[in-house]
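What follows is a short report on a single structure.
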Amino acid sequence: MPTPTSNGHASRMQIQEPRIMSPLPPSSSPFAFKEQQGRPPPTTQQTIAGKLFRTLFKGLLFSQLTLISLLVIVLTIRGLISASTHHFHLKKWYPPLLASVAVSGIASLAWQCIFIYNPSRAVKATFWLSPILTCSVGILLVLIGSAVDAGIGAVFVLFAITQSLYGCWITPRLEYTDKILSLATAFPPARTREVVCLSIIVSVVYSGFLVTGIGGATSTRTNLDILFISVIIISLAWTMQVIKNVQQVAISRARYVNFAHGEDMDAWNAFRITMKHLTGSICVGSTLVPIIVFIRGSIRSVNLMSGSSDEVMYSGADCFSTIANKLITLGNRWGFVHVGTYDKGFMEASSDTWKKFRSTTGLEKLIDSDLTSSFCFLSAVSVGAVSSLTAGIWMLLIHKDYALEVTLYAFIIGYFVGRVGLAWLQACVLAYYVAYSEDPQSMRFDGTIPQRIQRLQMLSAHRDNRELEVGRDREEDSYNNC
């Protein structure tokens, strides 16, 4: 990736210039990388069960890729043969969707260029552009005309409104987000661009391949075909997660070396080693993280709605918070850094990284409120919306009957391609936080994180005092009424 030249925050960062990786004595580093041997040495004795678990998931990945490929080939051939008898217009269905897949790849690359050369504007633009594009997709679906289309379009509009409200709520945190993203991505590892471009190309090609199978199943439209399409979409989602996390592990490993030890590691070598040795753990993480994030997000939503006015609701919210705190130690995205760095199993890596966060005062709360994941999510939603608008408008003009399904497929594919394209950015931030948690006093880090922790502690203390005053006022009012 080209080095951003207009990055004001990064220039204040006390970090050594990248230099060629040199052998380190065992005492100077907990993880002296052995690039020549092809894999990072494990720091703990791996259990037989852990190895079997990772091998199982690795086998599951390649098995589903093989089976899905065969299914797609069969469905494509069957669709081509039966298209004329079922009045399925191949030339009207395929071009808009395949074009939208290509647009998603182009949009992902373009969005990265915008971020690299102006991170601050890219961060701010994401939080207002994503609602606008999402709302546009909703309006497009409403214009299709049917009740089902209008209902799904209303969901998109509601999603856009939610994004807008969220953007207003997190506005005070944007300045810190801009700083941490600028610091973490100031000096990307060598050959990061090659890794990112390869990941996007693979995701675009694979998505286009699956589209041919979806089209083949759509041509006959039986109940069994609906099942086939569902299986293909699930396979797409998991495979895209794996592609994203492979890149995330490789880049975070290379970036961690610089943050923790001031050394430089080639991103392409890290990517090659990750593919060869760490796929099993990545598959486990790619399965657990989305599930845990969904459950934890639901719990946090319940806690926000419950408030503290009702004792039963408050005790239930406290119970849910305990569950959420336990789940985050079983699987979190920061664990991918230790997967790549120490060759740990994913659950062990997640537990160890979160323990490090908790051992540093205020860091757990800071990381829990970090907006990097929100930025990546909304950026991917923007890419998905652009892809969806491309396919939807095209289809609306030539064949309205296919507009809804093609628009939704384009949105899903565009979203996942967008996530793959931004994985390197999130990987840099993950590595920054993990390296900081292991040595907060290092001269390679400036005062951005300590100052933010201090700020959050002041806000928390102010909020607690205000709640205490409100509680006292309520008690006085109750006493006077009696």
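Glycine is treated like the rest: Cβ placed from N, Cα and C.
Database features (TrEMBL):
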{"type": "REGION", "residues": "1-21", "note": "region 'Disordered'"}
{"type": "TRANSMEM", "residues": "60-81", "note": "transmembrane segment"}
{"type": "TRANSMEM", "residues": "93-115", "note": "transmembrane segment"}
{"type": "TRANSMEM", "residues": "127-148", "note": "transmembrane segment"}
{"type": "TRANSMEM", "residues": "154-174", "note": "transmembrane segment"}
{"type": "TRANSMEM", "residues": "195-214", "note": "transmembrane segment"}
{"type": "TRANSMEM", "residues": "226-243", "note": "transmembrane segment"}
{"type": "TRANSMEM", "residues": "375-397", "note": "transmembrane segment"}
{"type": "TRANSMEM", "residues": "409-435", "note": "transmembrane segment"}
Proximity of the transmembrane segment (127-148) to the transmembrane segment (375-397), 3+ C-beta pairs under 8 angstroms: yes
Among 154-174, 195-214, 375-397, stretch most in contact with the transmembrane segment (409-435) (C-beta, under 8 angstroms): 375-397
Leading stretch by Cβ pairs under 8 Å, where the reference is the transmembrane segment (93-115) and the options are 195-214, 226-243, 375-397: 375-397
Beyond the flanks of the transmembrane segment (375-397) by at least 6 residues, Cβ under 8 Å: 92, 95-97, 99-101, 103-104, 107-108, 111, 123, 126-127, 129-130, 133-134, 136-137, 140-141, 143-144, 163, 177, 181, 403, 406-419, 421-422, 425-426
